[in-house]
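What follows is a short report on a single structure.
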Amino acid sequence: MDESVMASFWGPVTSTTELCEANYTHSSYIAEFYNTISNVPCILLALIGIINAVGQGFEKRFSALHLFNMILAIGSMLFHATLQLVLQQSDETPMVWEILLYVYVLYSPDWNYRSTMPTFLVLYGASFAVLHFFLRFGIMFKLHYIGLSLLCLPRMYKYYIQTKDHSAKRIAKLYVATLLLASVFYVIDRAFCKKMNGWYINPQGHAWWHVLMGFNSYFANTFLMFCRAQQRGWDPRIESLFGFLPYVKIRKPDKKD
């Protein structure tokens, strides 16, 4: 196939962000191959989480968390496959929606006015989507996302120190470890891109960011499911799927007649 046709299958690049991976090296349909396929583990982990949450009767908020992880991964795949601005926003806007859902899950148990928080968060998320579509935030998007993420950390720490179960604490530590390691890969990929492009093999730092953040989201959701099950008196315990992937097993008290 003509090289120019391969390089322009989706048209010229319109996204405001390009990562450290050469375009169209493996397929004329995929601009950034590794950054695209690295989202597959995220989708599979989210699917496992949904099956567990629905199968055991967890509150719908946890199914929604895993579903948003899946939507975010699919949006990321579409963006990296095409490098089109509209699909970049299909990756970035769900990132903000997902963090707002985390804010709700983390803070709602102690919120006295039940309807005000979801109403505010829905309006906030919708307003951001409209503004981001028209104004196309750049660095402000990143700072905004980091700020929302930092808002979640104190509550996660509170849940950690309140949890006595060692297996659950280990999941919380895995959440922190994957977040830190993913951040290292992200920074290295951005800071040393030109140098790495001269290497025989590009380590594909952003692709590793995707994989690690997929596990990070799964660990976060699993830990929060454990904490919520404790709050509801569902006798949670941590089991392992395939011998290594933790999930929450609960035993709800029998309903009295």
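Here the Cβ of each residue, glycine as well, is placed from N, Cα and C on the backbone.
Where the annotation comes from TrEMBL, it is an automatic prediction and has not been curated.
The feature Ca(2+) binding site is assigned by TrEMBL to GLU21, ASN23, GLU32. As annotated by TrEMBL, transmembrane segment applies to 33-55, 67-87, 121-151, 171-188, 208-227. According to TrEMBL, the Zn(2+) binding site annotation covers HIS80, HIS206, HIS210.
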So are the transmembrane segment (67-87) and the transmembrane segment (208-227) touching or not, going by 3+ C-beta pairs under 8 A with a sequence gap of 6 or more? yes
Starting from each candidate's C-beta and looking 10 angstroms out, tell me which of the binding-site residues GLU21, GLU32 has the most other C-beta atoms. GLU32
Distance, GLU21 (Ca(2+) binding site) to HIS210 (Zn(2+) binding site) (CA atoms, angstrom): 14
Give the distance between the Cα atoms of GLU32 (Ca(2+) binding site) and HIS206 (Zn(2+) binding site), rounded to the nearest whole Å. 10
Shell list (Ca(2+); ref centroid = CB of GLU21, ASN23, GLU32; cutoff 8 A): GLU18, LEU19, ALA22, TYR24, THR25, ALA31, PHE33, TYR34, ASN35, HIS80, LEU83
In whole Å, how far is HIS206 (Zn(2+) binding site) from GLU21 (Ca(2+) binding site) when you measure between their Cα atoms? 9
